[in-house]
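To start, the structure itself, in structure tokens.
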Amino acid sequence: MRNTGGQLVLLIVINVAVLGLGAAISGGSFLAPFNLQSMAGQLPEIGFLAIGVMLAMCAGNGGIDLSGIALANLSGVVAAVVAGKFLSSADPSSAYSLAFIIGALLVGLIGGTVNGLLISRLNITPILCTLGTQMLFTGLAVVASDGRAVAVGSPDLLAQIGNGLFLGVPISFLIFIGVAALVAALLKFTPFGLWLMLMGTNPKAATYAGFPRTGVLITTYATSGLLSGLAGIIIAARNVNVKWDYGTSYLLIAILIAVMAGVRPEGGYGRVVCVVLAAIALQLMSSMLNFGGLSNFVRDFAWGALLLTFLAVGRYNVVGFLIPNKSTKLV
Amino acid sequence: MGTLSKKVLLGSTLAAALIAGSAGALMAQNKPVIATVVKISGIPWFDRMETGVKQFQKDNPDVVATQYGPATADAAQQLQIVTDLIAKGVNGLAVVPMDPSVLEGTLKRAMDRGIIVVTHEADNQKNTNADVEAFDNADYGRALNERLATCMGGKGKWTTFVGSLGSRTHMQWVGAGEANAKSKHPDMALVDANNESFDDANGTYEKAKEILRKHPDIKGFQTSAGNDVLGVGRAIDEAGLSGKVCLVGTGLPNPSQDLLESGAITAIGFWDPQKAGMAMNSVAKSLIAGKKIEDGANLGVPGYEKVKVTKGPGVGVLIVGNGMVIADKANYKEFLF
């Protein structure tokens, strides 16, 4: 696990550098509280998906979850259609919001469990399995919504999640940080976390050591699905409407964030804090380019360059190379 | 975490705090800023719109007008740009929504902050101060049909194409065309109406060939989706019927160039995104200045000299211009994009 501290340091440095650069080109307004809130509010939907991808990647054996955004949309659409059948979003009580939230989480959990079952029981390669379920989920969402946008409206509780602030911080962002911390704790302090990482490092050894492979895989993908459900809730809360084709570009961005965060595509290593920081870095960068009025193609270019940089940092001890005498402490 | 990472973390936090502290000092922008956000950047249609935004900027040095657009066709990416622009503190947003429903929440937040929102191609958008449409759909359908009737000499068999039966505007266009032919040109006989093209030039080509075989005496086609003229035009061209069978439909000048020259396409109809971009910015500028757009107002843009203003589906108004362009071999070169 060399260089892992280096990844964290680099991510922090990049975040601060982008903040500084943004402040410089915008004449300070980039760091105005309203923009910081606005950026923090944009982060959770993609952040949840990226953590899901990270978990799948950590499981090793080509683990990946391509169905994230499709499942998020399905959760939102199904929850909105079902909750809308029995309750009205104009109702002053929180019944509609609660029904929507529970529904979305449930759909996410079921979708993720299906992924886990297919991958662990039928031994389907994760990339193919989740590609299939991605299309399945998208198709189901189209059928459930007739291909149209489904109105969620802004009932109090959901509006709070989407637009509310707590001590000046968007509530959606607080939820994201809270859930990220929870996942990090799950990985660090529970046997599941240890099993997941060790299994990702060497699946064969894990099997011979008697790890509950099926259980770990199902839990991993179910958690990823649950995170998709959360993303679906945030999307609905912010956008008032949900639609099956929302965020098609998120699929690759979520993978980009995970790789930038130093999650090993071969499995066995990944840190939630790095994923969160990588997501923040991407958000800052894209907002900065919008502030600077630069073309969005520049953003794709910058992201690509950043990704390659991070891959290089992961492979070679660049931070240690730049600061040789301190490098030993990083290991 | 090693000592170094801790030091870097501490240093970074301090630096961030410092920058944050000095923020806000330089926020001096007295000209109103109008940001145009398109569905996707880098495609001919919206490149053409950008020329309009640039022209508007040149004509109106008292505002700052620029165009933004996502690199991928995804409503979520457009949403992020709009969100960032709201945070940046623009005064006006001129948006061509990828998906009006997805933008509702964000546009409402913009309006709550006092930002003027103008939309285009979104007559069902609720959270907007004004939606600008290039033309009335019925007028457009009638104009296409009238051009077709002129070419056909007012008689003969004709048929219609739509992108899909679910496409509201396309159905309005052919519906108005049909009504026009029925009332003004009784000798025109509509056969096998409303063929679905799915905006696919190849599929349309196959279908048009079938129709030409089934009705060898057909005289006219009225098409709707942007690629239909290309498919039908190719079928007419290959059958050696250029100039004998009339084809009028929605299309873009650049791709239609060859077929217009050969005579396979009689005329194409469209609205000029350049003028639409200018009209949106003009409306935004007036609304920011606190003026109201009255019925019959002149936006100072060709095709929008006498706009029809009605109440929109939400809080705002619906502004309809007369910005349709019907171009044929003689004049399409004025609109090459």
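Cβ coordinates come from backbone N, Cα and C, glycine included.
Feature annotations, courtesy of TrEMBL:
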- A:6-34: transmembrane segment (TRANSMEM)
- A:46-64: transmembrane segment (TRANSMEM)
- A:70-88: transmembrane segment (TRANSMEM)
- A:95-118: transmembrane segment (TRANSMEM)
- A:124-144: transmembrane segment (TRANSMEM)
- A:165-198: transmembrane segment (TRANSMEM)
- A:218-237: transmembrane segment (TRANSMEM)
- A:244-263: transmembrane segment (TRANSMEM)
- A:269-289: transmembrane segment (TRANSMEM)
- A:301-323: transmembrane segment (TRANSMEM)
With pairs fewer than 6 apart in sequence excluded, do the transmembrane segment (A:6-34) and the transmembrane segment (A:124-144) have three or more C-beta pairs that lie under 8 Å?
no
With pairs restricted to those 6 or more apart in sequence, evaluate whether the transmembrane segment (A:6-34) and the transmembrane segment (A:269-289) have 3+ C-beta pairs under 8 Å.
yes
Counting Cβ pairs closer than 8 Å, which of A:46-64, A:70-88, A:165-198, A:244-263 has the most of them with the transmembrane segment (A:95-118)?
A:70-88
Can you name the far-off residues of the same chain, 6+ from the ends of the transmembrane segment (A:244-263), with a Cβ under 8 Å from a Cβ of it?
4, 7, 11, 45-47, 49-50, 52-54, 57-58, 64, 66, 68-69, 72-74, 77, 134, 138, 141-142, 145, 147, 235, 269-271, 274-275, 277-279, 281-282, 303, 306-307, 310-311, 313-314
Of the stretches A:70-88, A:165-198, A:218-237, A:269-289, which racks up the most C-beta pairs under 8 Å with the transmembrane segment (A:46-64)?
A:218-237
For the transmembrane segment (A:70-88), distant same-chain residues with Cβ under 8 A (at least six beyond the ends):
45, 48-49, 95-96, 99-105, 107-108, 111-112, 133-135, 137-138, 140-141, 144-145, 150-152, 225, 228-229, 231-233, 235-236, 242-247
